[in-house]
Amino acid sequence: MDIPIFILAGLLVHCVFLVSIFDIYFSSPLVHGMTPQQTPLPPPAKRLVLFVADGLRADSLYELDSNGTPRAPYLRGILENNGSWGISHTRVPTESRPGHVALIAGFYEDVSAVAKGWKENPVEFDSVFNESKYTWSWGSPDILPMFAKGATGDHVYTFCYAAESEDFGAEDAAKLDIWVFDHVKSFFNSSRSNETLFSALNEEKVVLFLHLLGIDTNGHAHRPNSREYQENIKQVDEGVKEIASMIDNFYGNDGKTAFILTSDHGMTDWGSHGAGHPSETLTPLIVWGAGVNYPQKVTSQFFEDNFLKEWKLENLKRLDVNQGTLPVEYLNSSAHFKAESMFTNAVQILEQFKVKMNQKKETTLSFLFTPFNELQQHSHSHCSKLLLKCFVCLQVFLCKTLINLALDGLSYYHTYDRLFLGLSIAVGFVGWTTYVILVIIKTHTNLTKTVPTNKKKSAVLFYSFASAGMIIVFFLLIQTCPWTYYIYCLLPVPVWYAVVREIPVIQDLATNVLSLHVGQSVGFLLISILAVEILVLSFFYRSALTVGLLVFAVWPVITQLWVQAKTKALIWTLLCVLLAIFPLMPVVGRDPNIPLVIAAGLLTLLISCFSLASLCKSENKYRDNEDLKVYFYQMFSVALSTYVVSSTHNSLKNKQGLPVMNQIISWMILVSSPVLLLLSPTFLFQRLFSILLSLMSIYLLLSTGYEALFPLVLFGLMFVWVNMEQEALQHYGLSRKPKLAFFNFTYAMDITQFRQLHLDDIRRSFFFVFFIVTAFFGTGNIASINSFDPASVYCFLTVFSPFMMGGLLLLKVAIPFVLVSCAFEAVQVTTQLSSKRYKGLFMVFFFFQVFFLYSANLYFSLTFLMSLSCSISHYVLVMSLTIFMMVMNGLAQLLTTQRLGLPRRTKHHST
């Protein structure tokens, strides 16, 4: 197969592997086509007031101050004297939209909504707002419109402030909550002179929704333990008190208003959310008013945590709930009403179960269909008759049991094809990995010999696999499977066909392997397995990178390279040890340290001065003094970035917002740095030096702490790596030793200079993949959403903009990756090996890594021993990395080989 076709095929296969995970695990959980069910008894409340304090942690609300006083005295008084309380358990991803959907619509969000920025509904869904007579809502433009858009009719009204108000650099984000409270007060005041509005407000089934974003914004900007965050809680407490009193007075204290205060998600100590840490998933729930139980005194209650003692609430019954479920323990209603409510809830879920079961039954061959035996199809009518004959207390118990069974059944049919699809993808993985290895061995080594093709056997082989493909198509067709199933199931056919065609290569390889010394073969196999396992473990435990780097540190000693290059070996060891420190440090953003960012900028300038001095003293006849100006401009950009970071931090610290001039300078540096890079010479040392300066000027603007030092140490190690690889090549007698200063990226494309693969090239490939993983995980766990700190982009913008902020954060993640990729291009130049051959090698290592991760994911999902979301996020990350590598390899070639030509002044000499 030609190299371009091979790369294109690899890209397509990887895209299929990446998309497959969303089909297998992230398909929409919604079920349509059920008959609506309603409780026949009238509700105890005519209206509901829902307060959602975005980003409010349970402990932040319930715990007492250092002096023993509550942070929210009004709400504390409610849960002690007037209502019920507990903890609401959210689910990953702990973001605003999924949390609100669970609260208001009663289901966990369709993950595909993330592709639309959580702002649109990929699948229409019902909600409490849609079922109300009227709903009025106030708050963020990111949350309110999605519930109004999907509502039937014109009865859900939204009042939003401007998106520009969501400013992390604002003087006080609590103004967002004050805006909501003020507008609610104005709304009710205006209704007294508006008969239509007054009449609508006095209808039944009215919902008033107050979305309070100030706490979340202050948490991002100042952290949950800050004075701003805690003061915002007090302001929300006071605002809730005023609104509740006003509404009770408006309705003449008729006792028909129910109040709920809760949160969509919590927040980590470092001001982020999105993952499954308890600080993110545990949110407060306080309910009072019509139909709600009063506080229940208890002598003892058991929970696995120690919150009750910490919060001084041991004697008040704690009622925990999951977002989206009916908590009957909160209801102060008759036993009959509770039983009817539970029965209606059970019937609703049973209807979903029946629809889901029938859908799966219609698309599965009868002899292959395996029903959910714990809940038969006749359960609905059978349970209805049974419940009517039972006592009320037994009805509630049976309904809970039935709901749990129905939910298990829904999950069973929702994941019915998961094992089948997962195995198909796994077979494709193994086949593609095997094929890549065979192509590398056949094309770039001397381990195999050319064998003439047997046309008769080839034809039989082709028709055999073609027949298998037709059988699969027929099998899927009669079951009316989605079109994506055809791709996942048919992909292994051509892949394994290509593998079987290379049987002679496999035979030659087996012969060569068997001829090797057993001890050497076993040793090489064990080392390879250990190396791959370290890569896999690094995705779960960052400390595994430290272990790997410490092993790298002694590599020159093991291979005797230190004998011929003592200084370089010593520097290599020192930099490996320094880089090994970073994975042991806390995740970026948890402990901001601007002085370290400034120190990194000054250190970059210091290194630049020494490098320029060395360059000026060099005897490189190709050096042009005009090119030195480019480096001075880049150094000025680094100095400017250092100043902007310091100035912006001080301005935000003093609550003066983001200075406009700093914002303009930041964007100018972001745009100009790549241009300056491409103006520098393409000689190896000079271009790598220019790449460092350009990327560091951007990275400094995106740094908040120690991570600013990471690219410096990483680049230093990469530059020494280039030198060490040249030494290794000479050590094995594969090349002479020219000076690195004379290497030019643009002259490295001569195919005659390329050589065959050597065993040491596998080691180089592994080094590259390991450094790539180190670049991604060295300063944080980017597989976890809460590892991203919005403070990193404050030099560019402070107003909430998910796509812009996300893009800048991904740029920050990519910069160390680009440094490694460019260094690898330099390794290819100095070792005279085609980049296309190295592409195959690092693809092999990535395939092994993906296969191990996917196998672990499949195993754990079958045995229910670990959180599925964790392993899936790692799978998506590795798969994305592999695709990203192909794209970034081209970018690295662009950054190292291309140069922008500018007109130069012509020197005139007088005669």
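Any Cβ shown, glycine's included, is placed from N, Cα and C.
Bear in mind that TrEMBL entries carry predicted annotations, made automatically and left uncurated.
According to TrEMBL:
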- 6-26: transmembrane segment (TRANSMEM)
- 409-839: domain 'GPI ethanolamine phosphate transferase 1 C-terminal' (DOMAIN)
- 419-440: transmembrane segment (TRANSMEM)
- 460-477: transmembrane segment (TRANSMEM)
- 483-500: transmembrane segment (TRANSMEM)
- 521-541: transmembrane segment (TRANSMEM)
- 570-588: transmembrane segment (TRANSMEM)
- 594-616: transmembrane segment (TRANSMEM)
- 658-679: transmembrane segment (TRANSMEM)
- 708-724: transmembrane segment (TRANSMEM)
- 765-785: transmembrane segment (TRANSMEM)
- 791-820: transmembrane segment (TRANSMEM)
- 841-860: transmembrane segment (TRANSMEM)
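When pLDDT is averaged over the domain 'GPI ethanolamine phosphate transferase 1 C-terminal' (409-839), the result is 84.
Taking every recorded stretch in 419-440, 658-679, 708-724 and counting its Cβ pairs under 8 Å to the transmembrane segment (570-588), the highest total belongs to 708-724. Sequence-distant neighbours of the transmembrane segment (708-724) (same chain, 6+ residues past either end, Cβ-Cβ under 8 Å): 556, 561, 565, 568-569, 571-572, 575-576, 578-579, 582, 596-597, 599-601, 603-604, 607, 684, 688, 692, 695-696, 699-700, 740, 767, 771, 774-775, 778-779, 815-816, 819-820, 823, 826-827, 830. Counted over residue pairs separated by six or more positions, the transmembrane segment (483-500) shares at least 3 Cβ pairs under 8 angstroms with the transmembrane segment (460-477), which defines the two as touching.
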